[in-house]
Amino acid sequence: KGVEADTTLDEWMKKAKKAKCKAIAKFAANIEDDKQAVKAASQTEYSNALLEGTVNRIKCIKRTMYNRAGIELLRAKVIYGL
């Protein structure tokens, strides 16, 4: 699975970098710059989605109470889901 995925990714990057669409070519170049991270992300079952969701939730709560209260109220809203 790993070797086949490497070959497929390499083939796709070669084709994409020659694409007429500059956005696709740039995207392929960016993937190539960080190829190890892309491979690791596609081969692992772990994700930071839960953490990102929590961060977004806290940011949303923080925005709704902008300049209304201090850190203690923010902490209470986050911990107790108010």
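We count from 1, first residue shown onward.
Heads up, the Cβ atoms here are built off N, Cα and C, so glycines get one too.
Note: TrEMBL annotation is automatic and uncurated.
Quick look at what TrEMBL lists:
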- 4-66: domain 'Transposase IS204/IS1001/IS1096/IS1165 DDE' (DOMAIN)
Model confidence over the domain 'Transposase IS204/IS1001/IS1096/IS1165 DDE' (4-66), as mean pLDDT, sits at 86
Sort the residues of the domain 'Transposase IS204/IS1001/IS1096/IS1165 DDE' (4-66) into helix, strand and coil with DSSP and give the three counts. 51 helix, 0 strand, 12 coil
